[in-house]
Structures are given as C-alpha cells and as structure tokens.
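Asks: Features from TrEMBL:
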| type | residues | note |
| --- | --- | --- |
| TRANSMEM | 20-39 | transmembrane segment |
| TRANSMEM | 51-69 | transmembrane segment |
| TRANSMEM | 81-98 | transmembrane segment |
| TRANSMEM | 110-130 | transmembrane segment |
| TRANSMEM | 142-161 | transmembrane segment |
| TRANSMEM | 182-201 | transmembrane segment |
| TRANSMEM | 213-231 | transmembrane segment |
| TRANSMEM | 243-274 | transmembrane segment |
| TRANSMEM | 280-303 | transmembrane segment |
Amino acid sequence: CLSCLFFFHACRQFPGCGNIVTFSQFLFIAVEGFIFEANFGRKKPAIPMRYYFIMVAMFFTVSVVNNYALNLNIAMPLHMIFRSGSLIASMALGIIILKKRYSISKYTSIALVSLGIFTCTFMSAKQVASDSSLNEEDGFQVFLWWLLGIAALTFALLMSARMGIFQEMLYKQYGKHSKEALFYNHALPLPGFLLLAPNIYHHAVLFSQSEPFQIPVIGLTLPIMWFYLLMNVITQYVCIRGVFILTTECTSLTVTLVVTLRKFVSLIFSILYFHNPFTAWHWLGTSLVFLGTLMYTEVWKSLGPFLARWRKRSKEE
C-alpha cells in the first residue's frame, strides 16, 4: 500500500510521470541485482541470455503500456481492477498455447472475474460519458481516449499472461531461477529507456521544481516529488523482494492469496484516501473479481483441514 500511496501522489500532481517512476525502479533493482545476484558480472546466468531478451521485451512493453494507460482517462481503481483479471488472460492463453484443460470450478471463477471487470469497466464508461463539466464534443473525445486506455490495458494484460507462460516453460527446462530473472528483467531493459529520455528528463526537471520537503529525523531537505519517488522505489523494492522470499518459503497458493489480498487492500486504500468515485456497482464488480480470484486458488481446500482440526480441538475442550 505504501508504494501505491507514493505512486498515486506523484501521478496526481504529474499524470505523465509513470516513465520516470518505472525507470527509477528498474535502475535500483538492476544495481542491487548486479551486485548481489550477478556478482558484478562474474556469475554466468543459468538460463541462456537470448531467452532473457525475449522475456525483457515483453516485460518492458507491459510496464510502459500500463504506465501510459493512466494518461488515457483510466482511473487508478479501474486500472488495478483490470489488472486483477490476469487469471482470465492466463487461462485463455494456457488453453490456446499449452492446450490445457480446467475443471468446472476454474471456469466458474474466471466467469466471475470477467463479470466483475465488465461491471466496473461499464460503470466507469458511464462516468466518463456523463461528465457534465465537458461539452458534447470534448466529452466524446475524452471517451475515445478512455477506450484507447482500455485497449492498452487489455493488450498489457494479454502480453503479461504470455510472458508468464514463457517463464513457466523456461523454468521447466532450466529450473527455477526467479531471482536471476528478476535481475535480468530489470537490467536488460535499461537501454530502452533512452527512447523515453526526453519524457524522463522533463519530469525530472518538474520534480526538482516541486516544493521543498524536510525529511523527518535526518533533517535532509529535497523537493517533495523526489522524496515521493525515493520512497516509492524503496517500498516497491521491499514489496518485490517480499514476494520473492514468499515464493521460496510458501506454496504458490499462499503466494497467490497474499498478492490478491494486497491488491484488494491497495484498492480500498486508494478509494478512501483519494476519494475516488466508487458506486455500489463498482463494489459489486470488485467483489466478483476477488471472489473469483479466491475461487480460482481453491483456498477453501487448504482451510478445510485447518478448520477440521480447530473443530476437533474445540470439541475436546
């Protein structure tokens, strides 16, 4: 939630600052990985580099497209809800590419997620279309930009799912090297940010012109937007590292459940903190998304034995 908070603050003041935020995150993780994972370039990667270049192209594209979607009249809650539909894209591409087949409960969960996303998307479309502060011509133009934003989110969702399948196939062939993949996914795309250099430099200048802020305890003064950026990079790094540690210590079911709950808490936090418009229909759509996600993970199968043991102990006492 903290990383989302600092990112929301930055985007509210400078809506096009997603590229400098992403670049800073990539640079920080790449430097950390170069020192501690690649051992200053002396450690050979376990997975051939050509596969990392393919993975990086996908990863870089998804990150940039998701950032630009925020500039296309996509509200942050809708952005988060839409990205929660990764289960739909993963299942669809799994059926097409890997020829997978799923149980009825899996298809039901995907249907719930799809319905939830459709509900939130449709209601957001009505809000954009009915914006009374715009004349008819401007309102139609805003709505077209919103449609382009939805198309960008859809493309990023499918590309992200394809990258996940690609990673799954690599891990099956070469073994799981998630920390190595984390490093190369952030280090190799860095030259690509040269294409975005004018935008990054522009926002760096704007950040430097923001009001000064004195950091508590240490007393250091710097522009407040640089403080937001610094805190976002640090908290995002902690978040990514936490997920990595979780994947090594817990089952994939537990990781999925924790990540899902984190998205839900971040969504609620953004609504309450920034007073985003959120109707009863949005709540219904959000509930369907997360209910479908939990159904997909089949969390009750893990809770069943625990509840049975708890009931048994209660009877014995």
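Positions of Cβ are set from backbone N, Cα and C atoms, glycine also.
Automatic, uncurated: that is what TrEMBL annotation is.
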Asks: Based on Cβ pairs under 8 Å, which of the stretches 20-39, 51-69, 182-201 lies most in contact with the transmembrane segment (142-161)?
Replies: 51-69
Asks: For the transmembrane segment (182-201), which recorded stretch in the set 20-39, 51-69, 213-231 gives the largest number of Cβ pairs separated by under 8 Å?
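Replies: By Cβ pairs under 8 Å, 20-39 leads among 20-39, 51-69, 213-231.
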Asks: Using a Cβ-Cβ cut-off of under 8 Å, list the residues of the same chain that are 6+ residues beyond the ends of the transmembrane segment (20-39) and lie near it.
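Replies: The answer is 7, 10, 63-64, 67, 179-180, 182-184, 186-187, 189-190, 193, 196, 199-200, 203-204, 207, 229, 232-233, 236-237, 240.
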